[in-house]
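K.L.:
Got these off TrEMBL a minute ago, pasting:
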DOMAIN    22-121  domain 'Ig-like'
DOMAIN    144-228  domain 'Ig-like'
REGION    175-199  region 'Disordered'
REGION    237-264  region 'Disordered'
SIGNAL    1-16  signal peptide
């Protein structure tokens, strides 16, 4: 009886906003590409033969001490979605086909980067209770990086490399035409969209060499994205350095059909 009371108290704290709920624990991880439909499986080890008519199922997306979201609720033999978070409306379905084997699954349609996080399922039947955590990681592809010259001062030029539409945060590096890594300024804080995708930016100051080139590379391991853009810089004494768009390369392949040098 004490065990059931503890579980009910825990459920109440989650429904109230997780102000006193425990932190998410490590659990199985699932990677998905943005736009895909995914199925999260919850296995009830403590419920020997769950009966859908008497089973209570609660799915929540944990957000740490700051709060959480109700993803899906089911009890008394039916879905109960009055408290479902707006972000999940029309996107969830509880799958009970494997209930006799102790599996309660949740289908989530069209996943977004903002869906990433730890999902906790609670299962209650009579005095028996169980829970399970699953971690969903949603990756979105980045647009090809864009390279722009911002300004010139004291013989140096300021370059900006920018990309958007992806998640999670990628690695951005700079190198010259010989493949030597270049020191960059501290990356700017990524800007997050309403869908959870990021816009990222990196700046670089350098003294251009006539005919030299500089490249910005973006690496996004979750989707195996490796893209580069290069500019040929020209600097004439007494004049501003300019960039030559014809020296631009995309996705590691140059306009001339040659691969740019790899970063050292």
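Each residue, glycine too, has its Cβ placed from N, Cα and C.
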K.L.:
Treating G and I as helix alongside H, and B as strand alongside E, what does DSSP give for the region 'Disordered' (175-199) in helix, strand and coil?
P.N.:
0 helix, 8 strand, 17 coil
K.L.:
By DSSP assignment, list the helix, strand and coil residue numbers for the domain 'Ig-like' (22-121), in that order.
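P.N.:
Counting residues by DSSP class gives 9 helix, 45 strand, 46 coil.
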